[in-house]
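Enquirer: One structure, as structure tokens, below. Some questions next.
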Amino acid sequence: MNPNFTTEHTWQGRHDPEDGQAGRRVHHIACPIQVGELANQEPGVALIGFECDAGVERNKGRTGAKHAPSLIKQALANLAWHHPIPIYDLGNIRCEGDELEQAQQECAQVIQQALPHARAIVLGGGHEIAWATFQGLAQHFLATGVKQPRIGIINFDAHFDLRTFESELAPVRPSSGTPFNQIHHFCQQQGWDFHYACLGVSRASNTPALFERADKLGVWYVEDKAFSPLSLKDHLTQLQHFIDDCDYLYLTIDLDVFPAASAPGVSAPAARGVSLEALAPYFDRILHYKNKLMIADIAEYNPSFDIDQHTARLAARLCWDIANAMAEQVQSIRHP
């Protein structure tokens, strides 16, 4: 396995020599390396690209997300960087044709190798990325002897992505719509608790079968129409309880949770969605617990339908916020 590496052109941007080190931007500190080299580097934040939309195609969605990882990195490159902590670009895992399961396995292997040395952010790609991300995290815990890890999965998404991936009634396969059901089955097999929250879910975009499955599995969810200033305090209290019940956090953001006006470049644009301003307090609360945040991913950016890079810039800003929190945690460990 040898991930495809991002070109030097990706990590280019503005340079202000008059500011010296204080003019530092992400492209100045981003370091493309092989995952096997991380053990010899100082701790940092690792970026892993997942060039795949085979799961979106299986889920009858609009393809194009496989082109997203490098474009998100390009949008990230010119943002300011305020930490002495490096960002490592571990390249992009590429899915060839319909070889989804193989690509997910390869991505999980890179994640497992990276986590002992860095916090990780995975850039998709369709939301089938979530199965790869969780598998990498789970393999890390199994390899390091962590027993019964209480992993809190927090998904900002218009969809539950709890679809059936095995059925005697219809020819179904794993897709971008199945990852959290796959994760539930894996946790069941391992004897692990399944802690799953879905924030921003749309009742118009999820069938009764999916709501019934979410209720049966004990999913905590907040519908898109329920986000308002009046409900903020109660929802943050619920989020706090969710975080308190978990030892580790996995944050996953499907960009179709945002309104189509903010995120036009997705497979399934949201007619309603939830604004970044409304979701910001929830992101902030999660990132406050950076000591628990092991890994995150950003899914479903589809550059084929983007307008003036609006969605790429949104994805890059979210990635930047997460990377900042992770860098603060790495720095606190290095210099307690």
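Note that Cβ sites are derived from N, Cα and C of the backbone, with glycine treated the same way.
On a predicted model such as this, the values are computed, not experimentally measured, just so you know.
As annotated in Swiss-Prot:
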REGION    1-22  region 'Disordered'
COMPBIAS  1-10  compositional bias 'Polar residues'
COMPBIAS  11-22  compositional bias 'Basic and acidic residues'
BINDING   His127, Asp157, Asp161, Asp254  Mn(2+) 1 binding site
BINDING   Asp157, His159, Asp254, Asp256  Mn(2+) 2 binding site
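Could you place these features in context, so I can see how deep they sit and what lies close by?
Expert: Helix, strand and coil counts from DSSP across the compositional bias 'Basic and acidic residues' (11-22) read 6 helix, 0 strand, 6 coil.
Secondary structure at Asp157 (Mn(2+) 1 binding site), as computed by DSSP, is coil.
Around Asp256 (Mn(2+) 2 binding site), the same-chain residues six or more apart in sequence whose CB sits under 8 Å from its CB are Asp157, Ala158, His159, Ala263, Val266, Ser267, Ala268, Pro269, Ala270, Gly273, Glu300, listed in sequence order. Under the three-state DSSP scheme, Asp256 (Mn(2+) 2 binding site) falls in the helix class.
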Enquirer: Cβ within 8 Å of the Mn(2+) 1 site's Cβ centroid: which residues qualify beyond His127, Asp157, Asp161, Asp254?
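Expert: Neighbours within 8 Å of the Cβ centroid, excluding His127, Asp157, Asp161, Asp254: Ala130, Asn155, Ala158, His159, Phe160, Ser176, Pro179, Phe180, Thr252, Asp256, Val257, Ala299, Glu300.
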Enquirer: Among the binding-site residues listed here (Asp157, Asp161, Asp254), identify the one with the smallest other-Cβ count within 10 Å.
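Expert: With the binding-site residues Asp157, Asp161, Asp254, fewest surrounding Cβ atoms within 10 Å: Asp157.
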Enquirer: Identify all same-chain residues not among Asp157, His159, Asp254, Asp256 whose C-beta atom falls within 8 angstroms of the centroid of the Mn(2+) 2 site's C-beta atoms; report them in sequence order.
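Expert: Going along the sequence, the neighbours come out as His127, Asn155, Phe156, Ala158, Asp161, Gly200, Leu255, Val257, Ala268, Ala299, Glu300.
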Enquirer: If you run the three-state DSSP split on His127 (Mn(2+) 1 binding site), which class comes out?
Expert: coil
